[in-house]
Amino acid sequence: IEKNTPTLIKAKHGAVATEEIHCSEIGVQVLKDGGNAVDAAVASCLCIGTVNMFSAGIGGGGFMTIRLPNNTVEVIDFRETAPAGASPNMYKKNPILAQKGGLSVAVPGEVRGLELAHSRYGKLPWERLFAPSVKMAREGWTVGPELAKRLRVYKTMMETEPDWSAVFAPNGTILKEGQWIKREALANTLETIGKEGADAFYTGPIAQNMVDYIKKNGGILDMDDMKAYKPLIKEPMVGYYQGRKIYTTPAPTSGPILISLLNILERYDLGRFKQNANIEVHRLVEAMKFGYAQRTELGDPDFTDLESKIQSIISKDTAGLIRANISDAHTFPVEYYNPRWGPIDNHGTTHMSTVDEQNMAVALTSTVNLVFGSKLLDPKTGIVLNDEMDDFSIPGTPNAFGLQPSPFNYPEPGKRPLSSCVPTVVERDGQFEMALGGSGGSRILTSVLQVILNVYNHDYNLMEAVEAPRVHHQLMPDVVDIESGYSASDVNFLSTRGHNVTVSDILLAKSEVQAVMRDTEGTVFAASDSKKHGIAAGY
């Protein structure tokens with residue numbers, strides 16, 4: 001396992017942090033050409049979907065948090081929705097169908113989400129933002145280490161299934177790092193959407209081809225589902241941490257839990273007592289366990305009235321009660337944290353953060369869910385289709401802890417499944433300070449949390465904050481996963497407190513964070529996680 005050298009980008013005007021250097025550079029070129037942070041996010045997002053199609057793309061969806069130069073912040077929810085034919089019991093007989101094949105595909109939201117952001121705030125022409133990805137898909141690029149790694153894992157599929165092998169194993173064996181790859185069908189699709197707008201994706205031949213392909217593979221998504229898809233403009237979740245104002249995404253994301261965790265941890269004054277570092281890690285893990293218990297109660301707020309529940313989750317009073325139930329002496333069994341339902345494990349994802357000269361900033365997280373989504377690549381459009389239906393809970397048997405799946409998160413027509421995304425913007429005294437978010441499924445929440453703590457409690461620079469080893473506990477399974485780089489005394493201390501500890505090689509890259517920041521002097525910093533070979537760019 002290898003990674004690239006961690007890089008801290010320093011810039012004057014603006015910056016873009018994505019998980020792939022070409023995509024970061026494409027975003028910065030947009031800024032140089034007079035585009036703003038929204039334009040840059042759109043162009044970079046399309047690029048990631050082109051080159052890192054295993055994690056995101058126009059066949060998926062996500063969320064973005066946008067900070068405008070006038071200090072207003074809004075969220076665009078472009079999460080995929082369940083088709084009209086969906087029902088709670090659709091996967092009861094065969095749960096694997098939620099992960100693979102036509103029945104796992106939810107209505108893609110990315111193109112409508114990008115269109116909505118661009119129509120509200122974009123400056124450059126829509127077509128200009130598609131052009132670099134069209135060129136790359138048509139003329140080709142060299143396979144990067146991340147794609148090469150995924151192709152090795154899915155070697156059999158890539159070499160034996162014609163829709164995949166045409167692109168990824170054109171000579172019969174999978175492409176390797178450094179070899180040339182093209183996605184010509186995708187280039188045509190992107191070019192059409194660039195010229196004709198998002199309608200071209202949701203109505204007409206592109207939509208029809210996708211729908212036919214999904215049906216052929218056992219799906220129920222139809223043209224009416226495509227046509228009916230709407231992204232949503234939402235108010236952000238707002239919290240305060242050590243004098244900073246934190247804006248993040250509301251349910252069905254994990255944003256409310258991020259606010260809750262910051263509330264719980266704020267009073268501990270982390271980082272102030274270097275000699276007590278061990279106890280800090282224990283308290284952090286305990287807060288996570290309570291947070292993931294709260295997460296089991298979330299769902300799509302348009303289908304379940306969650307308002308009072310969420311207000312309780314994000315209140316400082318609730319955080320105080322939780323702190324009172326955290327013991328420095330030992331951890332507790334799962335039921336102590338009072339989870340109401342079983343958890344849902346999310347996967348995959350990509351995140352990018354952008355900031356421009358006017359301090360407009362975007363944190364955008366997008367995904368096709370599992371690696372290569374539903375494992376369907378429509379050969380006519382070149383689109384990798386999501387398996388976002390797997391983020392719903394499936395009614396049925398209780399989990400190992402005796403908890404039933406959450407009815408708040410059962411599939412229903414038009415519903416959005418629960419998500420781990422937390423694209424977040426931080427302000428200091430009304431000024432933009434940081435935009436960040438992460439990938440890595442259920443680990444996104446803890447990763448973003450720890451980068452925030454590293455910046456504000458440990459005085460790390462942005463690169464150090466992103467690169468530092470992380471700890472993760474999602475309550476179920478009842479295991480602390482601690483990355484190599486933590487001291488043996490931290491690991492031993494957790495064991496003495498009753499934690500079940502596993503140490504993972506940090507290079508396994510189970511989660512990644514991309515962040516941009518502007519300091520009080522006006523200097524811009526950007527950092528992409530080197531564990532996924534990410535490099536940011538700025539100017």
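Here the Cβ of each residue, glycine as well, is placed from N, Cα and C on the backbone.
Per TrEMBL, these features apply:
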- ARG79, THR367, VAL368, ASN369, ASP391, SER419, SER420, GLY441: L-glutamate binding site (BINDING)
- THR349: active site, nucleophile (ACT_SITE)
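A map of TrEMBL features onto the structure.
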{"residue": "ARG79", "record": "L-glutamate binding site", "contacts (Cβ under 8 Å, 6+ apart)": "GLY61, GLY62, PHE63, GLY109, PRO252, GLU388, ARG416, PRO417, SER419"}
{"residue": "THR349", "record": "active site, nucleophile", "contacts (Cβ under 8 Å, 6+ apart)": "SER55, ALA56, GLY62, THR365, SER366, THR367, SER420, CYS421, GLY438, SER439, GLY440, GLY441, ILE444"}
{"residue": "VAL368", "record": "L-glutamate binding site", "contacts (Cβ under 8 Å, 6+ apart)": "MET53, PHE54, SER55, ALA56, GLY57, GLY59, GLY60, GLY348, SER374, VAL384, LEU385, ASN386, ASP387, GLU388"}
{"residue": "ASN369", "record": "L-glutamate binding site", "contacts (Cβ under 8 Å, 6+ apart)": "GLY60, ASN346, HIS347, GLY348, ASN386, ASP387, GLU388, ASP390, ASP391"}
Secondary structure of ASP391 (L-glutamate binding site) (DSSP, helix/strand/coil): helix
Structural state of THR367 (L-glutamate binding site), classified by DSSP into three states: strand
Cβ packing number for SER420 (L-glutamate binding site), 10 Å threshold: 30
Cβ neighbours of ASP391 (L-glutamate binding site) where a neighbour is any other Cβ within 10 Å: 27
THR367 (L-glutamate binding site): tally of other CB atoms within 10 A of its CB: 31
Local backbone state of SER419 (L-glutamate binding site), from DSSP in three classes: coil
Maximum Cα-Cα separation in Å among residues ARG79, THR367, VAL368, ASN369, ASP391, SER419, SER420, GLY441, which the record lists as binding L-glutamate: 14
Cβ-based isolation winner (fewest other Cβ atoms within 10 Å) among the binding-site residues SER419, GLY441: GLY441
CB-centroid shell, 8 A cutoff, L-glutamate site ARG79, THR367, VAL368, ASN369, ASP391, SER419, SER420, GLY441, site residues removed: GLY60, GLY61, GLY62, ASN346, HIS347, GLY348, THR349, GLU388, PRO417, CYS421
DSSP-derived class (H/G/I helix, E/B strand, else coil) of THR349 (active site, nucleophile): coil
